[in-house]
Amino acid sequence: MATWGRLRGWLRSCGVIRQHARLCGHGWRSLSTGRTVLLQDDFFKELESHFKSARQKAADAMPGSDWSPFERNPNLPPELADIVIVGGGVVGWSIAYWLKRKELVRGGVKVVVVEKDPTYSRASTVLSAGGIRQQFSLTENINLSLASADFMRNINEHLGILNEEPVDLQFNHCGYLFMASEKAAHVMEENHNTQRCAGAKVTLLSPTQLKEKFPWIRTDGVALASYGLENEGWFDPWTLLNAFRRKAISMGVIQCFGEVTGFESTVNRIHTVEDDLVEMRRINRVNVQMPNSMEYQPVECALVVNAAGAFSAKVAEMLGIGAGPSDSIAGIPFPVEPRKRYIYVMHCPDGPGLDTPFVIDHSGVYFRREGLAGNYIAGASPDESPLLQDGEPDTADLEVDHQFFEEKVWPQLAYRVPAFESLKVTSAWAGFYDYNTFDQNAVLGVHPLVNNMYFATGFSGHGLQHSPAVGRAIAELILDGNFKTLDLSALGFKRILLQEPMLERNIV
Amino acid sequence: MLKILIPTLMLLPLPWLTPKKWLWPTSLMHSMIIALISLYWLKNSSEEGWTTLNPMMGTDPLSTPLLILTCWLLPLMILASQNHMAPEPLSRQRTYISLLSSLQVFLILAFSATEILMFYIMFEATLIPTLIIITRWGNQKERLNAGTYFLFYTLAGSLPLLVALLLLQNSTGTLSMLITPYNDLTLTTSWSHKLWWAGCMIAFLVKMPLYGVHLWLPKAHVEAPIAGSMILAAVLLKLGGYGMMRIMVTLDPLSKEMLFPFIILALWGVIMTGSICLRQTDLKSLIAYSSVSHMGLVAGGILIQTPWGFTGALILMIAHGLASSALFCLANTNYERTHSRTMLLARGLQMIMPLMASWWFTASLANLALPPLPNLMGEIMIISSLFNWSWFTIILTGAGTLITAGYSLYLFLMTQRGPLPQHITALSPSHTREHLLMALHLLPLIMIIAKPALVSGWFA
C-alpha cells in the first residue's frame with residue numbers, strides 16, 4: 001500500500017500529475033460540469049483504509065471471534081428461560097444462587113435475573129444500614145435471621161469461588177440494643193420469650209445493668225433493654241450482593257440489565273358456583289425492555305419470581321392484581337409500597353466506643369458505629385406516631401431531608417447519648433423500604449390468581465438480613481414444592497386474602 | 001401405489017384452497033383417509049417379493065411397515081401442531097401443512113422406490129422441508145445451529161453415497177432393488193472396495209444415527225417444533241435403517257470384515273447415550289438421546305446381517321417410531337402448558353392430569369421394552385442374533401437394556417410422581433385432541449402385539 005503512495009509521489013514529482021492539476025487549475029474546463037479531482041476523493045488514499053477494514057472484517061469472521069451475521073445486542077436476555085427473577089437486589093440474587101445450588105444436575109434450570117438499574121443507585125439493598133438481628137416478635141422472622149446469620153458466618157463455604165479472593169462481609173458482631181419505655185416493656189418481655197424459644201441469644205437488661213454495660217447511655221425513660229449477644233450486628237450489603245451475584249453467575253445464572261415492562265399471559269375465565277367471574281392467569285412471556293432503548297425481548301418462561309423490592313407493586317399491577325372488583329380477591333392490590341427512609345452519617349470523636357451495638361431507642365431513633373474513625377450512622381423509623389406527624393416522605397426521588405435530622409433525630413439522639421450533643425453530619429442518603437402496608441412482614445409464595453408468579457418481597461426494612469434464608473426458602477418452594485428447612489407458610493398470601501394481619505412489632 | 005400417491009400429492013394444494021375455518025379439519029381428515037387406505041399394503045400377495053410393482057415403485061414386506069408408519073404419522077403431526085400454530089398468520093399455517101405434505105410425498109416415494117438412486121434423491125429431498133420446519137418454526141435461536149448441524153451432517157455423509165451409487169450403476173449396469181440382491185459383485189478387502197463400502201454405508205449410519213456421528217440428532221429434535229420432532233424421530237431415522245438394509249445385500253462379503261468398528265460404535269453408543277439420558281434436565285433432549293440409544297441397537301441388528309437381526313431391526317424401528325413419537329407428543333403437552341422443557345419444573349403431573357399420566361405410563365413402558373410390546377420383540381431378536389455372533393456383546397446389550405429401563409423410569413417418575421410444585425396447580429386440563437393423539441400412537445403399538453408378522457419384514 002505504501003508503494004502506491006510512493007509511486008504517486010514520484011509521479012507527481014515527475015510532473016505527470018501536476019500536469020492534471022494544471023489542466024484543471026488554470027481555467028481549463030473539463031467537458032464535465034466543472035467537477036475536479038479533489039484530494040479527499042483520492043482513490044489511492046482510501047484504498048489503504050479499505051484494505052484495513054477488510055482485514056478487520058476477515059479477522060472478525062475467523063473462528064474464535066464472536067462476530068455473528070445477525071446483529072444481536074449482547075445484553076438481550078435469552079428467548080427461552082425457565083425462571084425469570086424480576087429484581088437484581090440481594091433477595092433476587094440469593095434466590096438465583098439457591099436455585100442453582102439446589103438443582104440436581106448442572107444446567108437443571110435456566111435462571112435469568114433482570115435488573116433495571118446497572119448502577120444500583122436506587123436499589124434498597126445497597127442503601128441499607130446493613131444490620132442483622134434476631135430480635136423480632138414473629139418466630140418466622142427470628143428463624144430467618146438465625147439461618148441467615150449462620151449462612152453469613154460461613155459465607156466462604158457457600159459463596160467462595162476457587163482462585164478468587166475470599167468474601168469478607170465485614171460482619172461486625174456487635175449486637176442490637178433495643179430500649180423500651182414503661183408502656184412497651186411487657187411487649188419486650190413477651191418478644192424476649194419468643195426469641196429465646198426460637199434459639200436466639202438475647203438477654204434482657206435492667207436500667208442499672210444497662211448503665212453498667214454502656215456508661216455512655218442516659219437511661220432516663222428506659223424501663224427495659226434487650227441486647228443481642230450473638231449473630232447480631234451489621235455487615236456490608238454491597239459485598240453480600242456481589243458475592244451472591246458472582247457465585248450465581250459462576251454457576252450459570254444469566255444476568256440481564258433491563259426493565260420488565262409487561263407480561264404476555266394466558267387467562268382462564270372461570271365462573272364460580274355463585275356465578276362470580278374469576279380470572280386465573282398464567283404468565284407465558286416476560287417483556288424485558290433494554291435500557292435507553294425501545295428494543296424489548298419477550299422471554300418465554302415457566303415461572304417468574306417477583307423480587308423487585310420497593311417496586312414490586314408496579315410489577316404486580318402489570319398482571320392486573322388489584323384491578324378487579326373491590327370485593328373479590330382480584331381487587332386486593334399488592335400491599336407493598338416504597339417508603340423513603342433517611343440515614344445520616346455523623347462524626348463524633350467523643351462518641352461511644354468501639355463496642356457500641358446497634359442502638360434503637362424506644363422513640364424509633366437508631367444509630368450504629370460506622371468504621372473505626374468515630375463515625376456513626378443514624379436514622380429514625382417514623383413508625384412511631386410522634387415522628388410521623390408530618391406524614392411519610394415523598395417517594396418520587398431520593399432527596400434527603402436534613403430538617404428531619406435536625407428536628408426529629410438529633411434531639412432524641414442527644415437525649416439518649418449525651419456525647420452526641422456535639423456532632424457533625426458529614427453525609428446522608430435516602431433509600432426505599434419495600435414497606436408492606438398490610439402488616440410489615442414479608443410476602444412469600446404464589447399469588448392465588450397468577451399461577452406462576454412467586455413473590456419474595458415486602459420485607460419492610462429487614463430484607464437484607466433475611467436474604468440468604470429467603471433465597472433458600474423460595475428455591476425449596478419452587479424445586480421441592482414446599483418449604484423444607486423453615487416453614488414459612490404463615491408468610492404466604494393467605495393472610496392478605498383473609499385480611500388477618502400478622503404484625504411484626506419490632507420494626508426499625 | 002398411485003391410489004396413495006396421487007391423493008398425497010393432492011394434499012399439497014389442499015391447504016391453499018381451503019377456507020380458514022376448514023383448514024385443519026380437512027387436512028386432518030384427508031390425511032387420515034390416506035392413512036387408512038394405506039393399510040391395504042399390509043396384504044402382501046407374495047411373501048418375499050414385491051407387490052404393487054411398477055417400473056418405478058413397489059412395496060415389499062420390508063418397506064410396507066415403514067410406508068404405513070409414514071402415512072399414519074401425517075394426521076398425527078397435523079393433530080399435534082394445531083394448538084401451537086393457531087396464533088400464526090393464515091398463510092404460514094398453510095405453508096406449514098404444505099411442508100408436512102411435501103415431506104410425506106418424498107417419504108412415500110423414498111420408501112416405495114425400486115431404484116436405489118431414486119431412493120437417494122428422495123432421501124436428500126426430505127432434508128429440505130425438515131430444515132425449513134426446524135429453522136422457521138423452532139422456538140429458540142439455537143434452532144439455526146440445529147438446522148446447520150442437521151443439514152451438513154447428513155449431506156456430508158451422503159455425497160460419498162452418490163459417488164458409490166454411480167459406481168455401482170457403472171459396474172453392474174443397474175441400481176434396481178429387484179436386481180441388486182442377485183448381483184455378482186464380490187467385494188474384496190482392497191482399499192478401493194473398502195472405500196466403496198464405506199461410501200455406501202456412511203450416509204445411512206449418519207442418518208440412523210450411529211453413536212460417533214449422532215450430534216445432530218439431539219439438537220434437531222430439541223429445537224424442532226412438535227411435528228418436526230415427530231417426523232424426525234419416527235420416520236427420518238428409519239430412512240437410514242431402510243437404506244442400510246437395502247444396500248447391504250449387495251455388499252457381501254466385505255461386510256464381514258468392515259462391520260467390526262461400526263457394531264462396536266453402535267453398541268457402545270447404546271450404553272453411552274443411555275447414560276447421558278440419566279443426566280438430562282431437558283425433557284425433549286432425554287427423549288432424543290433415547291432415540292439414539294434405540295437406533296444404535298437397530299444399527300447393530302442390521303449390520304449383523306442375519307434373518308433375526310433384520311427382523312428385529314425392522315420391528316424395533318416400527319415400535320420405536322410409534323413410542324418415540326408418542327413421548328415427544330407427551331413432552332409437547334407439557335411444554336404447551338408450562339412453556340419450559342425442564343423436567344425439574346413440571347413434576348407430580350399425575351396429580352393434576354391423571355389420564356395423561358396413563359399415557360405417560362404406557363409410552364414409558366414401551367420405551368423400556370416391556371413385554372409383550374413389539375419393542376421387546378425387536379430388541380430380543382437383535383440381542384440374540386448379536387449374541388450368536390459373539391457372546392461378548394451380551395455384556396454391552398444387557399447393560400444397555402438395564403440403562404434403558406433406568407432412564408425410562410426416571411422420565412416417568414420425574415414428570416409424573418414427586419411433589420407437585422405450586423406454580424403448576426392451575427394448568428389447563430387435557431384436551432380431547434391430545435388424548436386422541438396419544439391413543440392413535442399407542443393403540444397401533446398395542447395391536448401389533450397380536451400380529452407381529454405384519455411388521456416382521458421378509459422373514460415373517
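Backbone N, Cα and C atoms are what each Cβ position is placed from, and that goes for glycine too.
Curation does not apply to TrEMBL; its annotations are automatic.
Taken from TrEMBL as is:
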DOMAIN    B:1-110  domain 'NADH:ubiquinone oxidoreductase chain 4 N-terminal'
TRANSMEM  B:21-42  transmembrane segment
TRANSMEM  B:62-81  transmembrane segment
DOMAIN    B:113-403  domain 'NADH:quinone oxidoreductase/Mrp antiporter transmembrane'
TRANSMEM  B:117-137  transmembrane segment
TRANSMEM  B:149-168  transmembrane segment
TRANSMEM  B:195-217  transmembrane segment
TRANSMEM  B:224-247  transmembrane segment
TRANSMEM  B:259-279  transmembrane segment
TRANSMEM  B:286-304  transmembrane segment
TRANSMEM  B:310-331  transmembrane segment
TRANSMEM  B:352-370  transmembrane segment
TRANSMEM  B:390-415  transmembrane segment
TRANSMEM  B:436-459  transmembrane segment
Feature contact check the transmembrane segment (B:352-370) with the transmembrane segment (B:390-415), CB under 8 Å, 3 or more pairs: yes
Beyond the flanks of the transmembrane segment (B:149-168) by 6 or more, those residues with Cβ under 8 Å of it: 116-117, 120, 123-124, 127, 130-131, 134, 175, 180, 185, 196, 198-200, 202-207, 209, 213, 215-216, 219-220, 250
Long-range environment of the transmembrane segment (B:436-459) - Cβ separation under 8 angstroms, sequence gap at least 6: 42, 48, 60-62, 65, 72, 75-76, 79-80, 307-308, 310-311, 314-315, 318-319, 322-323, 325-326, 329-330, 356, 359, 362-363, 366, 372-374, 377
Contact set, same chain, for the transmembrane segment (B:310-331): CB under 8 Å, 6 or more residues outside the stretch: 62, 65-66, 69, 73, 76, 80, 221, 226, 229-230, 233-235, 237-238, 241-242, 245, 283-284, 287, 290-291, 294-295, 297-298, 301-302, 341, 356, 359-360, 362-364, 366-367, 373-375, 377-385, 411, 434, 437-438, 441-442, 444-445, 448, 452, 455-460
Positions on the same chain near the transmembrane segment (B:62-81), where near means CB under 8 A and six or more residues out: 4, 8, 11, 24, 27-28, 31-32, 34-35, 38-39, 41-42, 44, 51, 96-97, 100-101, 104, 107-108, 111-112, 225-227, 230-231, 234-235, 238, 242, 245-246, 314, 317-318, 321-322, 325, 329, 332, 433, 436-437, 440-441, 444, 454-455, 457-458
Tertiary contacts of the transmembrane segment (B:224-247), as residues 6+ beyond its ends and Cβ separation under 8 Å: 62-63, 66, 69-70, 73, 76-78, 80-81, 84, 96, 100, 103, 107, 110-111, 116, 119, 123, 126, 130, 133-134, 137-139, 143, 146, 177, 180, 200-201, 203-209, 217, 284, 287-288, 291, 295, 298-299, 302-303, 310, 313-314, 317, 321-322, 324-325, 328-329, 332
Contact set, same chain, for the transmembrane segment (B:286-304): CB under 8 Å, 6 or more residues outside the stretch: 205, 208-211, 214, 217-218, 221-222, 233, 237, 240-241, 244-245, 248, 255, 259, 262-263, 266-267, 269-270, 273-274, 276-277, 280, 310, 312-313, 316-317, 320, 324, 327-328, 331, 343, 367, 378-379, 381-383, 385-386, 389, 393, 397, 400, 403-404, 407-408, 411
Reported mean pLDDT - the domain 'NADH:ubiquinone oxidoreductase chain 4 N-terminal' (B:1-110): 93
